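Colleague: For reference, the structure I am asking about is given below.
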Amino acid sequence: MIGKIKKFNFKSLLILNTFALIATSYLFNNFIFIGVYTLFFFISLFTTKNGIKIIKKLNLLQNIRTEGPANHLKKSDTPTMGGVFMVIPFLIFLLIININLGSLKLFLLLLTIFGFFITGFVDDFLSIKKEQNTGLKTKEKFFLQSIIAIIFIFLAYEKDLINPLITVSDSWQINMNIFTLPISFLVLVGISNSVNLTDGLDGLAAGCSGIVFYGLGTEILMKEQQELIIFSILCYSMSGICLGFLKYNSYPAKIFMGDTGSLSIGAILGSIALLTNSVFTLSIFSGIFIIESLSVMIQVGVFKITKKLFHNGKRIFLMAPLHHHFELKGVKEQKIVENFWKINILLVILGIVLKINL
């Protein structure tokens, strides 16, 4: 049915996601889920709309890399660092909850998200200051992410907050054993960077993130563990935030989230998945993010190998990440984004169906 919809835009996604939240709230007999989603959707609308004015006054505008698709040059001077207006309301909400509950899990989550948020903020700020598309060097950014991730993982593992068993179903669990720490690192840093790589077309990362947060929140609810319900509430609040931001980020974008937003969103997804033992289903829900990231690794890997062997590097894609390949193939930006959204919705449905039937 989704595939037959000719125009699947922001309004279509908003209606579908909201309907799904209403249905979920009804099925689980708890309307706080649709309530928190709706509240943060409107908070995000307000903060983003006013944030655009603030960013323009501060002259915090996007620099576009010249080696990218030519049609992206018109995006230059679009306000960026919009992630500030997505993440700060969420961090305040998380801080208030943690003050009331005094949860170590929530405290670690708060510190980790804040760390990735600062990393993204510094990267965006330096990019604007240097008038380039990149701020921190790749190695510098990865180093900062790694330090934050390692601190989170070791503290969580030390306090038995990370389960070494990846739960596929109630009867099927995979024991990570000695690979618990490296896999946890891969999940946290990998998803964070994957969301960052996906954020290359108007509305792509924000829309997909809103969908994934809904899926993750619902999967956590299906565990039927009272102590985990708060994480579903956090996921639904982020789903609302992403869709509120999407109103101004969908084509033609009036604001970009920047690394401030994308790195933080990935960190929220990865850390919540680790703390709730939802890594398996997150890997399905985040299929778009993972494919985008893999396309870059394949492109770079093949180029380096062929250059070493044949002294002439070959490329698999016209450009990576994958969304740029389709752009250079002549597919319109809006159509690429709409199709990726549709695929992401199907992945969330697949993940939930597997959760029910396995």
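Counting begins at 1 with the first residue displayed.
Just so it is clear, glycine is given a Cβ too, placed from its N, Cα and C backbone atoms.
Positions annotated as transmembrane segment by Swiss-Prot: 13-35, 81-101, 106-126, 142-162, 171-191, 201-221, 228-248, 268-290, 336-356.
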Colleague: Tell me if the transmembrane segment (201-221) touches the transmembrane segment (142-162). I count contact as 3 or more CB pairs below 8 A, with pairs 6 or more residues apart.
Modeller: no
Colleague: Taking contact to mean three or more C-beta pairs under 8 angstroms, with sequence separation of 6 or more, is the transmembrane segment (81-101) in contact with the transmembrane segment (336-356)?
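Modeller: They are not in contact.
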Colleague: State, in range form, which of 13-35, 201-221, 268-290 has the highest count of Cβ pairs under 8 Å to the transmembrane segment (171-191).
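Modeller: That would be 268-290.
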Colleague: So, taking each listed stretch (13-35, 201-221, 268-290) in turn and counting its Cβ pairs to the transmembrane segment (106-126) that are under 8 angstroms, which one gives the highest count?
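Modeller: Per the Cβ count, the answer is 268-290.
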Colleague: Mind checking which residues of the chain, 6+ beyond the ends of the transmembrane segment (268-290), have their Cβ under 8 Å from one of its Cβ atoms?
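Modeller: Contacts of the transmembrane segment (268-290) (Cβ under 8 Å, skipping residues fewer than 6 from its ends): 90, 105, 108-109, 112-113, 152-153, 156, 161-163, 165-168, 174, 183-184, 187-192, 194-195, 197-198, 208-209, 211-213, 215-216, 219-220, 223, 228, 231, 234-235, 238, 340, 343-344, 347-348, 350-352, 354-355.
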Colleague: So what's near the transmembrane segment (201-221) in sequence-distant terms, Cβ-Cβ under 8 Å and 6+ beyond its ends?
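Modeller: Distant Cβ neighbours of the transmembrane segment (201-221) are 10, 13, 17, 20-21, 24, 28, 33, 75, 195, 228-229, 231-236, 238-240, 242-243, 245-246, 249-253, 257, 261-262, 265, 269, 272-273, 276, 278, 281-282, 285-286, 288-289, 323, 327, 333-334, 336-337, 340-341, 344-345, 347-348, 351-352, 355.
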